[in-house]
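Per TrEMBL, these features apply:
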- 1-20: region 'Disordered' (REGION)
- 124-211: domain 'Immunoglobulin I-set' (DOMAIN)
- CYS226-CYS310: disulfide bond (DISULFID)
- CYS231-CYS237: disulfide bond (DISULFID)
- CYS243-CYS248: disulfide bond (DISULFID)
- CYS280-CYS286: disulfide bond (DISULFID)
Amino acid sequence: QPEPEERPEISIVPEPGQNGEYRENTTITAKCSYTRPVLSLILYFGDDNIKNVSSEDPGKFLENVHRVNTYFTHKLNWTDNGKYLRCEANYSTNDKPISTKKQIHVVFPPKPREELIKKSGLVIGMNETVNIKINANPKPTIKWNIGSEEITEGNTDAKKRLTISQTKQVGNDMWETSLTIPKFTSTDLKRSYTFRAHNYLGEQQYRIELKNGTQENSCASISEECLTCLCEARTECDFNYSCNDDYCGPFQISYFFWIDGGEIKSKITPLKGEKDWQTCGRDPFCAAQVVRNYTKRYCKDCNEDGIVDCTDFALMHQNGGPSCGIEPTSYFAGFKQRLDICLEEIKP
């Protein structure tokens, strides 16, 4: 059997640029090699098993009886940024496989969103903040145009009323820009809002439409029945549901969900090495308040059926508030079925 340190080798053609990056739409060919006989040699890209070469396959031992190779050719998309190429050699049915991995970094210009980004539920007289997320790598520079006035990030308008935030990173290649409007007025509704984002690879323009709503329809509170059933549909409301690197607790709260939900700190004792968001995620009371805050912040008729109800809150929870209007994933169908059963069972 091979020694553990004898790992598979991964080579990529072409090699990345000076900063270890590939441009979007670059076609790469990856080669995975192992110098000992193996039961199988598997190549993964992200979570996908893309090549599986068995030692029983004829013609796969290309250089000699002790070397097996497998190849993968792929045209890089911007969504490939941060994914790992991983080669796994299985040399025994009883031992843990030996693997090697390389991370792929993809640079790309700011990506378009829907033609008109609609932000609804804004309340006249309230202090409002409009948050918009876009994808780009590297970080884009953002300039807003409100009416005829241009405002750069980190600055205010001429009257020092409207404020544009510094662009901040909120994901692997996701950036958030925010417009803060104190004491939102009907005049604010009538203004035109656009912003441009650019990096050295290109530029994209975005249009925003603001819509007001009453205090009652602005998702000031999610019903306790909906909250309970979101928990039930997610994990059967298992308070002992463990944390992983991305999600935590009975509501499966993520770090960025916790951030947008107010960064609440739990009163329970954290586990050793645990972070604040993980402790809150494990605490059903803290996590529930995060969900309340999150749904209030991102209130939207996600499925555009004319009402904001528990289905919309479920879409916010599943797809994220800013993206709740996109086509749900295949997982959502089962999630929605469990949600509807729960709501029917607890109906007064």
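Note that Cβ sites are derived from N, Cα and C of the backbone, with glycine treated the same way.
CYS286 (disulfide bond) and CYS248 (disulfide bond) are 12 Å apart (CA-CA, integer value). With a 10 A radius on its CB, CYS248 (disulfide bond) counts 26 other CB atoms from all the protein chains. Spatially, by CA atoms, the disulfide-bonded residues CYS226, CYS231, CYS243, CYS310 include one closest to CYS286 (disulfide bond), and that is CYS231. Mapped onto DSSP helix, strand and coil, the domain 'Immunoglobulin I-set' (124-211) counts 5 helix, 49 strand, 34 coil. The disulfide-bonded residues recorded for this entry are CYS237, CYS280, CYS310, and the Cα of CYS280 lies nearest to that of CYS243 (disulfide bond). Long-range neighbours of CYS310 (disulfide bond) (same chain, six or more residues apart, CB within less than 8 Å of its CB): ILE222, SER223, GLU225, CYS226, CYS229, LEU230, LEU339, LEU343.
The disulfide-bonded residues CYS237, CYS286 differ in how many other CB atoms lie within 10 Å of their CB, and the one with the most is CYS286. The two recorded residues CYS237 (disulfide bond) and CYS280 (disulfide bond) have their Cα atoms spaced 15 Å from each other.
A gap of 14 Å separates the Cα atoms of CYS280 (disulfide bond) and CYS231 (disulfide bond). Each of the disulfide-bonded residues CYS226, CYS231, CYS243, CYS280 was scored by other CB atoms within 10 A of its CB, and the lowest score goes to CYS243. On the 0 to 100 pLDDT scale, the model's mean across the domain 'Immunoglobulin I-set' (124-211) is 94.
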